[in-house]
Amino acid sequence: MQNKSIKQKSVKFNIAMNAILTMSSFAFTIISFPYVTRVLSPDSLGISSFAVSLSSYFLLFARLGIPTYGVVACAKVRDDKDALSKVAQELLIINLVTSIIAYFFFLIALFTVPKLSQQKNVYIIASILILLDLFGGEWLYKAVEQYYYITIRNIAFKVIALILMFATVRKASDYIGYTVVTVVATSGSYVLNLINLSKIIDLKLMRGLEFKIHLKAIGTFFAMACATTIYTHLDTVMLGFMSTDEIVGYYNVSVKMKSFLVSVVTSISTVLLPRASYYINNGNKDKFYSLSQKALKVVISLGLSVTIFFMIYSEITIEIISGVAYLPAVRPMQIITPTVLFIGMTNIIGIQMLVPLGKEINVLKSEIAGAIVDIILNALLIPKYGASGAAIGTLCAEFIVLIIQFISLKEELMRMLHDMKLQWLGMLMIILICVETVISKGIKNSLISFGVGGIVYVVIMMCWGKISGIIDDTGVKNI
């Protein structure tokens, strides 16, 4: 049965919606994080960050790789409501079972591990992320490209989270209040997903549900998620066990900035995955590679320039966002910022290209290699270098992932890169480095320096946009 309830928007519209969503996240960070870091002590911020990072591991097992697999599987059948409902129900039931199991083991850990039992309240609050994610089904909304709904819903709950923050985070020890705010901002909106589910699929339990057909693919995507989570969250967890809450607090500031920049650079690849899967399933390989090349050009441009800008302005950024009390976060931020470029590229190569092409095993191999590198380097470097050691481990892990994925599509990627006029980008980046270094050193006022540097950055990137063809006289080209 044709799915008439889903109205497809253009890729350009979806990118615009995701850009608005990213900007709302930026606004939330700009408002919330400076406030939180000036109110909470580094110890309190470290406790909350550790609790959320730990919960993310149990959430990993609850999800079982479904967030990525669900987008791919549902996007392929999105035009048939019966087929879409069947696949969605199968995955939702699997997710229900795994969430119950994951939460059971979380409770065991909470009452048996001494470090956790000392702060039960904050860990229980952070674990609500696991329960809310069960209602989420975010992968289904992404598969049918409902980015308008996703954007409006997320903005609304970020506003709610801000109100809660000002109401509950009032003194240095209010880490429980901040954990509540984190949960609401991250996953609170998932409750609405359950309410709106009937608009996309039939909720009446369908006959002939098949679970085994998903298990092999889910297993692969779960292994990918495990490896990814290890080298994206293990740094904070290992730092929490091997160092102090204060150092975790400093490191969390650098990770927050990196995560925001990654969300900006990867916003395009997030939107394009369902469309790329749809093209491959319908035999439109030319459209698939054209879409991927344009996305890769944008990601390399943004990722490289953002990395350069924020490495130069790392101290000023930390001072503006978190205050002078968090200046020890500057070095970890400088070390970890290049991962913005690496992650941006692997989101295109791995998630948007290799996964739709059915080569997710190559993605898995790269992520396992990254996880192994991260574990080894964290164990060796954290005891001596603390937060900087954790940052080095993450940097090396992300680089290894990129290299292995690039080799998997070497011929196609070399052909794409050949047409991107990257020599011009390189020249402009050298100019950017020279000019921004002079500005950051020459202007003593942090806000003025950052503002002038930002204007120069925009001008240089506009020049590159014209040279590369990313933008034309009417604005952003259709992607």
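Cβ atoms here come from the backbone N, Cα and C positions, even for glycine.
Nobody curates TrEMBL annotations by hand; they come from automatic prediction.
Straight from TrEMBL, the features:
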type: TRANSMEM; residues: 12-36; note: transmembrane segment
type: TRANSMEM; residues: 56-75; note: transmembrane segment
type: TRANSMEM; residues: 122-141; note: transmembrane segment
type: TRANSMEM; residues: 148-169; note: transmembrane segment
type: TRANSMEM; residues: 175-195; note: transmembrane segment
type: TRANSMEM; residues: 215-234; note: transmembrane segment
type: TRANSMEM; residues: 254-274; note: transmembrane segment
type: TRANSMEM; residues: 295-313; note: transmembrane segment
type: TRANSMEM; residues: 333-355; note: transmembrane segment
type: TRANSMEM; residues: 389-409; note: transmembrane segment
type: TRANSMEM; residues: 421-440; note: transmembrane segment
type: TRANSMEM; residues: 446-464; note: transmembrane segment
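Within the same chain, the transmembrane segment (12-36) packs against the transmembrane segment (148-169): three or more Cβ pairs sit under 8 Å, each pair at least 6 residues apart. In this chain, the transmembrane segment (122-141) lies close to the transmembrane segment (175-195): three or more C-beta pairs between them fall below 8 angstroms, excluding pairs fewer than 6 positions apart.
Here the transmembrane segment (446-464) has Cβ contacts under 8 Å with residues 301, 305, 309, 312-313, 316-317, 319-320, 424-425, 428, 431-432, 435-436, 439-440, 470-471 of the same chain, all six or more residues outside its ends.
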